[in-house]
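Here's the structure, in structure tokens; my notes come after.
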Amino acid sequence: MGAGSSTEAEREPLLVPSYTGTNSPVNSRVYRRRWLVLTLFSLLGLMQGMIWNFWGPIQNSAVLAYGFSNSEIAVLVLWGPVGFVPWLLFMWLMDKKGLRVSLLLSAFLMLLGAGLRSVPLPDLHLRRWLIHGGQLLNGLAGPTTMSAGPYLSTTWFAPDQRATATAVASLFCYLGGAASFLVGPLVVPAPNVSQTVNGVAAAVSDNSIQDRIQLILYAELAAVGVLFTAIFFFFPSWPPIPPSVAAASQRLSYRSSICRLLSNLRFLMVALAYAVPTGVIAGWTGVLDMVLTPAKVSQVDAGWIGFWSTIGGCVFGVAMARFADSIRGMLKLILVLMLAGASLSSTWFTLTCLSSVTHLPSTSAILYTSCILTGIFINSSVPIFFELLIETVYPVPEGITCGVVTFLGNLFTGLLLFFLTFYCTAQSKRGGMQSSTEALWRKSACGERRENEGGR
């Protein structure tokens, strides 16, 4: 048994880049333009998160200026998860046409939605409808901006940079939500209840709030317009030469990928572990001002809590992703530690809010710390979950895998916001019935008093 020389056919590569159209060997190469691609994608995700979470941090001001109810504020946040209903279309478009077409469509929907929100109509009823339409169009961009990060990192980045690129691309949507917690309450003044006694002063306060909100809406419209133009001219679908063998390998078809995912029990278990905490924390953060109002937390303080919890999650998530890049095979352990920390901090927050029952100390420092730690542990787990899910179901395309799990996460977000919408509606009806009952009681008491005085 001797070793003979190999033939020309045996020296042909097993994997060739499917999109280069040549039969040349796979020469891995990374391009410096990958940082521009990552920057444009991340900034679009940042704006999508800012627009989605715009109304929650300023809900008290929006109620006074535009006549929204608390349930309508929850619906404005709900349009984000509703936008994931056609996620299969965006994943198919990404799989067949590349990331450029899907991202351009998403950016156009965001531009159209930001334009609808910015129309300065004097009719508040029609204006509210346009705002709802704009939020829905912005939500339709979510399947691409929230799911395509791993696809971008595999297509453009080397394996030792992939987890870090996934973390940056995926977490910038959350960073946009954090920016809205900072920009909204700082630019838009909170309503002053003492000024509403005088009708003239209340009208001036309403106009001031509307002007500040309109200023932010115009700024977001301009930013989305600039990003749409930059993506149109400078965002390619893929690099000329793939950065790794994995990027050039042949993947499963669209239909085969969906069937593989739905029949993989291990994938479904990990996807459920991702969807429940991230979906709940996303919906909870979107209406954080409403949630913390019974705890006597102001609009500005609630904004700072949401800001630091999301910022901490983004920073910690990038650090953990960089750690996972340098030490392979520890994704499961990292996720277990993160979820354990999230469970402890959320339990701490719950017991602090129930201090009348648990008799635990309830101070602002404890409330802020527990709430921020919960956001940090859950938000930072997102890129690690993505990498683990991709490794679990390879060779399913990254965009389809992350599209399924982000759809599940937004499904839980929608369920939470749907419950909050009905809860706020029931509470307002109950409050209206109580106020009408009190008014009737006062009226009858005044009538009896007058009759007694007349008898005297």
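Every residue gets a Cβ built from N, Cα and C, even glycine.
TrEMBL annotations: computationally assigned, not manually curated.
Not measured: the values here are computed from a predicted model.
What TrEMBL annotates here:
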type     : residues : note
TRANSMEM : 35-55    : transmembrane segment
TRANSMEM : 75-94    : transmembrane segment
TRANSMEM : 101-119  : transmembrane segment
TRANSMEM : 167-188  : transmembrane segment
TRANSMEM : 215-235  : transmembrane segment
TRANSMEM : 271-292  : transmembrane segment
TRANSMEM : 304-324  : transmembrane segment
TRANSMEM : 330-354  : transmembrane segment
TRANSMEM : 366-386  : transmembrane segment
TRANSMEM : 406-426  : transmembrane segment
Contact between the transmembrane segment (406-426) and the transmembrane segment (271-292) (3 or more Cβ pairs under 8 Å, separation 6+): yes
Stretch-level contact, the transmembrane segment (215-235) and the transmembrane segment (330-354), CB cutoff 8 A, at least 3 pairs: no
CB contact flag for the transmembrane segment (167-188) and the transmembrane segment (304-324), at least three pairs under 8 A: yes
Range from 75-94, 304-324, 330-354 with the greatest count of C-beta pairs under 8 A to the transmembrane segment (366-386): 304-324
Beyond the flanks of the transmembrane segment (101-119) by at least 6 residues, Cβ under 8 Å: 41, 44, 47-48, 51, 90, 93-94, 127, 130-131, 133-138, 140-141, 143-145, 148, 214, 217-218, 220-221, 224-225, 227-228, 231-232, 235, 237
Distant-in-sequence neighbours of the transmembrane segment (35-55), which means Cβ under 8 A and at least six residues beyond its ends: 62, 68, 73, 76-77, 79-80, 99, 103, 106-107, 110, 113-114, 117, 134-135, 138-139, 141-142, 145-146, 148-149, 152, 156-157, 165, 168-170, 172-181, 183-184, 216, 220, 223-224, 227, 230-231, 234-236, 285-286
